[in-house]
Structure formats: C-alpha cells, structure tokens
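Note sheet for the following structure.
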Amino acid sequence: MSFPKELEKVLEITKAQNVWRRTQTLNLIASENVMSPLAESVYMSDFMSRYAEGKPYKRYYQGTKYTDEIETLAMDLMNEITNSKDCDLRPTSGTIANAAVFRVLAEPGDKALIAPVQAGAHVSHTKFGTLGALGIQHIEMPFDEENINVDVDKAIKMIEEVKPKFVVLGGSLYLFPHPTKELAPHVHAVGAKLVYDAAHVYGLIEGKVWSSPLKEGADIMTVSTHKTFPGPQGGAIFSDGSEVFKQVSRTIFPWFVSNHHLHRLPATAVTAIEMKYFGESYANQITRNSKALAEALAERGFKVIGENLGYTKSHQVAVDVRQFGGGNKIAKLLEDANIIVNKNLLPYDKPENVSDPSGLRIGVQEMTRYGMKESEMEEIAELFKKVIIDKKDINEVKKEVIDMRKNFLEVKYTFDDMKDLEKYSSKSLKLII
C-alpha cells in the first residue's frame, strides 16, 4: 500500500531538513545546537504521550511514577553541574522561565531595570515582549559604549533613584559578561531582586569559562536548555536557596505551563551527564573557536565588534556588514551558500531597524560540537570573505561548504559507544539508536 501524497510530502520535507541542516550547512545560529545521538535516542519515548501536572510526587494525574523519577534525577543532575540548590525544569522555554519570574517579582505598573538593548537585552526583557505583556515598566540601564556593556557607575545611581522591583542582566547578543557582582549589593540595598537570564551562556557557566551569576549575587537564574547547553529545546530556573525560587516554583503550574513536555526530561538528563564529563573541554573549545573566528574575520577586512576588548568572551561573534548592504541582505546571501547566521541589531542600531539591522550574530557552539576547532574557524572566515567581499560564485562556495561538512558529521563531547543502549530500547517504539 502506497502512502497518501500528503504523507509523502511530510516525510519528504522532514528528510530534506535533516539532510540539509545536519549534513550540508555550517550552522552558526547563536541560539541553536544539536543533541547527541544518545540524547536523541531517549527524546522519543512514551513520555512524549503523557501528562504530569504539578511537581514530582505531587501530581494531579496517575501513572507518573517514572516521570517523577526522571524529573527528580534530571533536576539533581542539573543542580550538580550548575552548583546550585534549586532547579525547576517545567518551563518549556527560556522566555516562559522569564515570564514566571517576572510575574512573581512585580505587579502591573511596577518598574524593572534591564540591561540596555545595545548591550544585548532579550526581547522578553522589553516592552515589546514579556515585560510589556505583563504590564511591567522596563527602564534600560545606561550603556557603556566603549565596553559594550552596562555602565556600572550610572547603573548604580539609577538603581538607587528608581528603586525597581527587580533588575535583569543577561542577553541575546552577549559578547561579554554583565557586571553581576558589581551591581548585586546595590540591587539588594533597595530591596530589589537580581534576575540573570543565562539562556545563551548556560553551557559556558557549566563549563567554567563564564562566571556563575548565582555565586556573584543573582537571586535567580533562568536558562534555555538548547543553546550552549546542547540539550532539547526547553527552559529551566535555578537558585541557591532563595525564597524567590519557592514563590516562582509554586506558580509555574498553573499560571504558565500545564503539562511540561515530559519527553524533554530524559534528554535533558543525558545532556547534563554529558556536560558533567565533557562540559569543560567543550566550553573551552567554544570560546577558543569564537575568538579565532573573530580574529580571522577581522584579518580579512570585516568590522568585528569589540576589537578593543578581544572581540568576545562567549560563543558569539558580532560583525558590522553595513558597508556590504546590511544584515538582512548578507544573512540571506550567506544562506544561499549554506552558511546559516542571523541578522542582528548592533549596539548603535535603533530598535526600529530590527528588520534590516547593521550586523550579523554568529555562534560557534554547534559546529564546535561537530568537532570543529581553530583551523576550521579560519576556513569559515575565508568562506565569508569569498561570499561577501570577493563575490565569488555562490554555487561554488556552496559546494565548498558541503565538502567541508563531510568531515564534520559526528557529534563530539558525548559517549561514543551506542551498542549498550540496545537493551534499553523499546521494540514497540523502535527507537533509533
């Protein structure tokens, strides 16, 4: 019996996506990553069909005994590698994690201070996103243009004058750490809470190449589980025993999630174990690669942001491409060559230019997980030059990209031997391992 045409189309699209993005492109989106085959093997399980409202061992459904076990184990593992006391894995994204925290800390009309948009504040921190939807007034802290960061002295003065309910640090264009330990005492002095959005840098924190916000004075930390932490898409909230965490945890259900996508839990646990054993080497290679790529692009004539600061301390590189037509044009041109990046506002762009900003945001974390190192960053920079500066034939560059990827198809920083997994596979589900 042949498949209906509609079904064939679904299968064709899915296969095309897998072939294209898994084997033929340089994936340089800073907010993406790839799970290991090991994590993927437990992602598809019976958990994907089940519900478990509430917290482990305090559910509103029956049939959750293994859900309770895996969720508790995953939280314990995440606390271990994060060096934290509290973890909640129920947020289904970093933005949902932010929403839960913001809603508990303030009422409509209250004020919150955020890192300036020029320093990379995420849209959920602004009036255009979650804060605005909750009716919380956001005020941007002053920007230090030279250091591409929060202006510490001016921010302290603003905190003392405004007396906000909370202050948010962290961002989405995030080259350098925000001044957590410098601001924390002043935030607490006015009775406010310090929230750190570590969505982009969570894997770097675990890998000990980025300082821990909780150890520097943050009251609560929100994360994504699919950026520099290479797990399934989702969110999480951490604290070091703060009362705020308890309040937030009580409201995640039923305010922000009902069921929390249980199939994420085994894959998150596996990724946490991988990060426990391989996270430091992975994070160190990420930061070496980002710096190598930034330097290689600068050497080839690109205007890379942050030259006076060493370009970057994270997984990201930011490039001003105004002279070549702007971020929108260049991101599309690179995609034609199978190089996947995103257009991005740069510190001197106005928010209304979001559709055609000055820059590109590049992330090296996924290609690092496929085994690329500094020498490959040189090659990638040369490919950028061929497309953007030299204006080489796009199809020829595309062939070079595909040839390059042939040597980088296997996920690294994981456990190699998959044979032992067969005894855990459900024959009825036919898990792919």
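Just so you know, glycine gets a Cβ as well, placed from its N, Cα and C.
What Swiss-Prot lists as (6S)-5,6,7,8-tetrahydrofolate binding site is A121, H122, V123, E243, and the listing cites sequence analysis. When secondary structure is read from DSSP and collapsed to three states, V123 ((6S)-5,6,7,8-tetrahydrofolate binding site) falls in the helix class.
If you look up Swiss-Prot, you'll see K227 marked as N6-(pyridoxal phosphate)lysine, on the strength of sequence analysis. Under the DSSP three-state reduction, K227 (N6-(pyridoxal phosphate)lysine) is assigned to coil, being neither helix nor strand. When Cβ atoms from all protein chains are considered, those within 10 Å of K227 (N6-(pyridoxal phosphate)lysine) total 27, not counting its own.
Annotation comment: Swiss-Prot describes H226 as site 'Plays an important role in substrate specificity'. In sequence order, S31, E32, N33, P232, Q233, G234 make up the list of same-chain residues 6 or more apart from H226 (site 'Plays an important role in substrate specificity') whose Cβ falls under 8 Å from its Cβ.
In this structure, the C-alpha atom of H122 ((6S)-5,6,7,8-tetrahydrofolate binding site) lies 14 angstrom from that of K227 (N6-(pyridoxal phosphate)lysine).
In this structure the C-alpha atoms belonging to K227 (N6-(pyridoxal phosphate)lysine) and V123 ((6S)-5,6,7,8-tetrahydrofolate binding site) are separated by 17 Å.
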